[in-house]
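Notes for the one structure printed next.
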């Protein structure tokens, strides 16, 4: 984050705006990532990101690429707001008299931010994955009937509210937090890598010792740091996606937890399976965090607050 002091409400607005813009731009790629990560040996429907998007448009129409986007657009505001604001809070808490943070303290601040965000991230991802993957399951049933679960009939894809009610009714609040451990294992290391890397890359472009970096430096630093962190934690993202997916084909494995998932993927698909969707994830995260840094740079949140009564 930029070193300038920003009020908490402004941080929350900045994070929300950045999340909304970023998700709107890259959601189809995120859908392709989820479907590529979820397909297992013997039920491979898509060969690449472009193949996935083309087949999605043909079978589900243009808006099929945005399945689950309503969940993301609704919850990405608090999720990104918590993540970015928490990192700033922990950085300020760990700094002494405005001195530059050591790398260890930068990593601790990122760890705190990643831990805080899973409160929103886990249920958001749980719902989003079911909606995104519904089209893959339906396409498999039509194009690869041997993978369909015997006795099942095509059903209309549920809405996010229907899924929420079903999960709460059957499993309580724990149903929405399925995969919490895997989400922590992904988001905490991501933040530990991303925030220190961004801060140091951004410092390289500063104008003088005290001046801020130009906005394009913040954008590029956000993109590079985001894509690096995304690829680094992609194996855990594959595990999280597999664990959170509720519907599968008859030939696809089910998983009881993180260690069971790792064991079965290694046995049935090999280590390369942990890199499924890595380039898609990099393409999603890079602009998402690059946009976030630009929104922070221009102080959009403070600008909006300036128009509110009492400011």
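All residue numbers here begin at 1 and follow the chain in the order shown.
Cβ atoms are placed via backbone N, Cα and C, with glycine included.
As recorded in TrEMBL, the features of this protein are as follows:
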type     : residues : note
REPEAT   : 6-93     : repeat 'Solcar'
REPEAT   : 101-204  : repeat 'Solcar'
REPEAT   : 213-302  : repeat 'Solcar'
TRANSMEM : 215-236  : transmembrane segment
TRANSMEM : 282-305  : transmembrane segment
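Under 8 Å from some Cβ of the transmembrane segment (215-236) lie the Cβ atoms of residues 2, 182, 185-186, 189-191, 193-195, 197-198, 201-202, 204-206, 274-275, 277-278, 281-294, 296-298, all in the same chain and six or more residues away from its ends. Among residues of the same chain six or more beyond the transmembrane segment (282-305), those with a C-beta under 8 A of the stretch's C-beta atoms are 1-2, 4, 6-7, 9-15, 17-19, 21-23, 25-26, 29-30, 33, 49, 80, 84, 194, 198, 202, 212, 215, 218-227, 229-231, 311. Across the repeat 'Solcar' (101-204), DSSP assigns 85 helix, 0 strand, 19 coil.
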